[in-house]
Amino acid sequence: MGNRGMEELIPLVNKLQDAFSSIGQSCHLDLPQIAVVGGQSAGKSSVLENFVGRDFLPRGSGIVTRRPLILQLIFSKTEYAEFLHCKSRKFTDFEEVRQEIEAETDRVTGTNKGISPVPINLRIYSPHVLNLTLIDLPGITKVPVGDQPQDIEYQIKDMILQFISRESSLILAVTPANMDLANSDALKLAKEVDPQGLRTIGVITKLDLMDEGTDARDVLENKLLPLRRGYIGVVNRSQKDIEGKKDIRTALAAERKFFLSHPAYRHIADRMGTPHLQKTLNQQLTNHIRESLPALRSKLQSQLLSLEKEVEEYKNFRPDDPTRKTKALLQMVQQFGVDFEKRIEGSGDQVDTLELSGGARINRIFHERFPFELVKMEFDEKDLRREISYAIKNIHGVRTGLFTPDLAFEAIVKKQVVKLKEPCLKCVDLVIQELINTVRQCTSKLSSYPRLREETERIVTTYIREREGRTKDQILLLIDIEQSYINTNHEDFIGFANAQQRSTQLNKKRAVPNQVIRRGWLTINNISLMKGGSKEYWFVLTAESLSWYKDEEEKEKKYMLPLDNLKIRDVEKGFMSNKHVFAIFNTEQRNVYKDLRQIELACDSQEDVDSWKASFLRAGVYPEKDQAENEDGAQENTFSMDPQLERQVETIRNLVDSYVAIINKSIRDLMPKTIMHLMINNTKAFIHYELLAYLYSSADQSSLMEESADQAQRRDDMLRMYHALKEALNIIGDISTSTVSTPVPPPVDDTWIQNTSSHSPTPQRRPVSSVHPPGRPPAVRGPTPGPPLIPVPVGPASFSAPPIPSRPGPHPGVFANNDPFSAPPQIPSRPARIPPGIPPGVPSRRPPAAPSRPTIIRPAEPSLLD
């Protein structure tokens, strides 16, 4: 059978096919195989049974094969059969194989003669077969029988096309010799998907059932109706032989005797019969597999790469590894710690571009949300002045004070410091929420183990809650420390002298007018209601104005809105809107923009809204509700202050403002540090060094690594497929590159398959061969049946000769030209006819003057050259 490495290619495909069929991936890989196509009663079952040497396929009238049968023939010293759907059972009785095929077919298709594209996988081991992989497809039928659906013809054709359309499949087109070959549905379907004829092999059956006096010699020699890969003739058992229990091996011997003894086929007997068909198919399949290996390897590598992402944490061990659970637990806990640290600290690899990570969100809390909460408590100007005036008066009592009391300053400062507790504790709560969300995101990879995920989240969350208490205690301690001693000697404190000088300026300190506080996209909800809805603009917020532009290039300014008398109010989110909205309005009831009393600005998230509010606060635009409270307080303090008290209030006001700014600066600096040290860093250390111990102490390993049935099945299938892919790639990589392929035959003119109307009803019937003069096409003159003058050896030129047109039945005739050199090359290497009296051992070549032998039809007819 040639190179041993080439023969091992076909078992390789069988191994790959089983590996992927077991996990439902067989149809996704175009594994090289041979598809057997033919009409009903064309002899497909007999051909397949001759391969195996056993009777095992269902037989009967009508459509019998209703599901594709993937038949893998494997050379083995022992003979048995295996089905993929019941691998544990070996069939040694082939009658049971037939019954199992029928039962498995009925299990899927029912008993109403329906069909199904789901294949039946059957492997047959035998010392009498070559390594072949074939697919037996349902026979082509025209008319439904019994309960078959009306579109049974189209269903079968669709199923056949589904298998033979693959570029990696060879097509075995089976046609009986007693049927019109030009109208063969098998060849037509093969031509439809394989117009070049590279994948089609013709098989002619029932040669022994042709009408007396006719033969298929021209067809088998690939001269009359040529195919690129030619035809192979076989002789199967008749129904009488099958009923008479004629042994297949005996039938193969009878087939061999038929070709050796038949006058029309004996010169090509070595290229006919089931054994030669086996060898030819094995050779063609081996060549095809070798050509398909690069694409197959590429597909396997592509699937392996996509699968590696899913089994990253499991790829180093197999499902049957006894230490798999321990390895998985250790690896998952370690990976959880790495993922948590990356989400908090940030990482350059696998950066999420869709949303902010936990660390980025915590950073926004530290530097945007927390300062925003601090700024909100700084603007209560009227309440602060009222409290200062009350403190001064209460300290003086019945006396009239001449100097500004420093006790009033300390009392007001301590009261302001106490107000820092609320935003500080709120900051801790926000960070805790982000930490818990980060933990849940990192445990998503543990979804295969619900118990492990639940315990991990519980243990880490409990630890975070424990650190929450210590962190809040430490922050309250910091505030108490600030409150315990007022350090008026601080280098940043303005002192009484500077406070009195600054009191004459009436606190006119403002930001730099042209300083840009924030830029970004915002949607104006109510500016284009009459023009089709909201519109997005590029906004620029400075210390004095709010401007918006068409785009971020800031070339086309739409409008500039001064910040004087502007306030912010919250707007309820619309029922059908995903945006978060806040509004800007004028406190003096003036239109803000054109005829609008307020402008509604929308953001994608509440975080963006809070960030924009903090920016407006820095620009001096405050929320509405706080301003309303201030106005209520102002109504209660309509009393007039004397000039001396007013100067004292202003002085203490400036002192308080200066000292509170120092405290705020200190708190803004210490809050992130305290939270990082006591909560975040400790949580990271706990996950790395203590989480595993807590997991082992909370439950045993078996309960932690329990999987749901679906998750376990999916995981095992994924790992099995991953290792099957790696094994397949390793096997393909070991194939010898020195394998020599059999060259593909040259192209032939096979247009006869499409244009069948120009041929006779029985094109394969050949009474006597005819020879045409050189240089003249067959269509110039009618055919002149008769024996050839000189047999010409087989040569490549026989494939390049123009196809001989079909001709009517036999009739006597003579050649117009008897020049032996004028005839084109012929396929046979010996005379086509032997007289009855000449024994089989007569030499195959005779001189031109020798008398020609009569044909089978006219055995007594003398040669014209006598």
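The backbone N, Cα and C atoms fix where each Cβ goes, and this holds for glycine too.
Swiss-Prot lists region 'G3 motif' for one of the ranges 136-139, 240-243, 672-675, namely 136-139. When the ranges 167-170, 235-238, 339-342 are checked against Swiss-Prot, the one recorded as region 'G5 motif' is 235-238. Checking Swiss-Prot for region 'G1 motif' across the ranges 38-45, 110-117, 710-717 points to 38-45. Among the residue ranges 205-208, 245-248, 397-400, 525-528, the one that Swiss-Prot annotates as region 'G4 motif' is 205-208.
Burial estimate for the recorded positions (Ser41, Gln239, Thr751): highest at Ser41, by number of other CB atoms within 10 Å. Non-local neighbours of the region 'G5 motif' (235-238) in the same chain are 43, 46-47, 50, 205-209, 246, 248, 251, 254-255, 258-259, 273; each lies 6+ residues outside the stretch with a CB under 8 Å from one of its CB atoms. Within 10 Å of Thr751 (phosphothreonine), judged by CA to CA distance, lies none of the binding-site residues Ser41, Lys44, Ser46, Asn236, Gln239. The list of residues near the region 'G4 motif' (205-208) in space but at least 6 beyond its ends in sequence, with Cβ under 8 angstroms from a Cβ of it, reads 42-43, 46-47, 174-178, 215-216, 233-236, 258, 265. Away from its own ends, the region 'G1 motif' (38-45) comes close to residues 57, 59, 62-65, 136, 139-141, 173-176, 179, 184-186, 205-206, 234, 236 of its chain (Cβ-Cβ under 8 Å, at least six residues beyond either end). Mapped onto DSSP classes, the region 'G1 motif' (38-45) shows 2 helix, 2 strand, 4 coil. Across the region 'G5 motif' (235-238), the prediction's mean pLDDT works out to 82.
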